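Engineer: The structure under discussion is supplied below as C-alpha cells; questions concerning it will follow.
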Amino acid sequence: MTSTTIPLPHLIGFTERNGNWHAEDLSLADLAKEFGTPLYVYSKRALTEAYQAYDRACVDASGKRRARIHFAMKANSNLAIIDCFKQLGAGFDLVSGGELSRALAIGADPSSLVFAGVGKSADEIAQALKAGVKCINVESIAELHKINQVATRLQCRAPISLRVNPDVDAQTHPYISTGLKDNKFGIAYHEVLKTYREAALLSQIDIVGIDCHIGSQITTTAPYLDAVDKVLDLVAQLKKEGIEIHHLDLGGGLGISYGEESPPDITEFTNTLLNRVAERGFGHLDIVLEPGRSLVGNAGVLLTHVEYLKPGAEKNFCIVDAAMTELMRPALYEAYHAIVPVQSKPVKSVTYDVVGPVCESGDWLGRGRSLAVEEGDLLAILSAGAYGFVMASNYNTRPKPAEIMVDGKNVYLIRQRETVADLFANESTLPKQTHSPLG
Ligand SMILES: *Cc1c(COP(=O)(O)O)cnc(C)c1O
C-alpha cells in the first residue's frame, strides 16, 4: 500500500488553525454540527477573490474595460453562488434551458447571457431567443438552420457566434489532447469560414461573434495563445469577406490546483491573453471569458463523517457518509481531491481508501490516503466547489446534501438538505386492479 504525499492546494477562505479547519471565521466542526453531513460549504471570500483576480486584468490602467467575465454556470449553479457573481458584475455562460431559467430567476440581464451547448433543442432555442440572450454559440450547421427556423417562427432576429474547434496542436500540449480528439464540440476549423458564409445568407441570423473553448483543467497558457491566434486569423479572413465579428469569446477551462498542479496566476493568465489579442490589432473587439472551475473550484469543500474504519488484508477502508452521489469526480474521472481531518488528533496515521456507502466499487472519494482518524471523525474533501454538487445524484435513494455559504462570521443555508419524501414525491404506483388481469 502506498500513501500519497501530494501537497494541499493553496486555499483562500479555508484555513487550518491550531489543528482545526475553518471556513473564514467559522469552524467546520461547528458547521457540521449545526447543518449535518454530508455538507457542501462555500467561502464567499474565495469566490469573490477569484472573480476579482480575473477582473483586475479585464480593466486596463485607464479604467477601460477590455473584457467581460461570464461565469460558466454548469460548474456550480446554486442561486446564491450565481447571485454573488452577478453582484460582482459577471455575466453567464449557459448550457441548457434549465440554466437559462436559473439566470433569469436571479434577475441576470439577458444581454449578459451566452447560450452554448452541442445539443440545444428547438424549445431551448426559443426560450433563449424570447429571453433576448446576447448570443447563441452554434456548434453545427444543422443547429444554425434550426435556430433560423425557430427565429422565423418567432419573427425575431437570432444573434449567433460559431464555436470554433481551433485544433490546437495536441502533441505540444498533451494536457488537452483528449479534448482535441473529441469532435463532438464546435465546428471543425477548416469548415468555419464556409459556415459563416452560410450563416450570412440566412434570413433571421445576425452574426455577432466567434467562440472557442478548448477544454477544462488546463494548467498552461500556451494552448490558449495558439487558440487565440487561430481564431483571430479567422476574424481577419472574415473581415476581408465583409463579415464583421463584434465579440470574441475565448471560453473557460483554466485549471486549479487540487494539490500537485500549478496553474498560471489568474490575473497574469488573463493579461497574457488580452495582451495577445491587443498586439494582434483586435483590442477593439468585445472580449468574453467563460471561467467555471477557476472561479469556484477552490471555494468549496465537502464535509463528511467517518462511519466505519474497516481494516483489510489488501487495503484499509475509511467508510464515510458522503459518496459518489455527492461528489462524482473521482468515480467519473479518477479525479484527485485532497482529504483532511477537520480536527487533528494524536492517533496513528493509517493508509485508507476513502469510500462511500453506495453499492458500486467505483464509489470512492480518495485512494491510498494517510489519515489519522477514528470512527465519528469529520473529514473535509477539498477543492469541491466546481462540478461537485451540480453532479450530485439520488442513486440509492440518497437525498442530496445541504449547501451553505460562509461570509466572515455569518453562515447562510443556500440549499436545504433533501428529504427522502422529496425523492419519491413525483412517483406513483399503478392503480389497484379491481378485476383479473386476464379480463
Ligand atoms: C464547461 C465550459 C466552460 C467552463 O469550463 P471550466 O473548465 O469550468 O472553466 C466554459 N465554456 C464552455 C462552453 C463550457 O462548456
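Note that the numbers count up from 1, one per residue, in the order the chain is shown.
Glycine is treated like the rest: Cβ placed from N, Cα and C.
Note: TrEMBL annotation is automatic and uncurated.
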Engineer: According to TrEMBL, E290, P291, G292, R293, Y387 bind pyridoxal 5'-phosphate; so which of G215, G242, G253 is the extra one listed there?
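Structural biologist: So the pyridoxal 5'-phosphate site in TrEMBL includes E290, P291, G292, R293, Y387 plus, from the candidates G215, G242, G253, G253.
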Engineer: Using the structure shown, find which entry in E290, E360 (the binding-site residues) has the sparsest Cβ neighbourhood within 10 Å.
Structural biologist: E360
Engineer: Check the Cα-Cα distances from E290 (pyridoxal 5'-phosphate binding site) to the recorded positions K74, R329, Y333, C359, E360 and tell me which is shortest.
Structural biologist: K74
Engineer: Including all protein chains shown, what's the count of other C-beta atoms within 10 A of the C-beta of C359 (active site, proton donor)?
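Structural biologist: Here the count is 9.
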Engineer: Would you count the other CB atoms within 10 A of the CB of G253 (pyridoxal 5'-phosphate binding site), including those on all shown protein chains?
Structural biologist: 25
Engineer: Anything from the recorded positions G253, G292, R293, C359 with its Cβ under 6 A from ligand 1? List those in sequence order.
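Structural biologist: So the answer is G253, G292, R293.
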Engineer: Do you know which of the binding-site residues Y333, Y387 has the most other C-beta atoms within 10 angstroms of its C-beta?
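Structural biologist: Answer by Cβ density within 10 Å: Y387.
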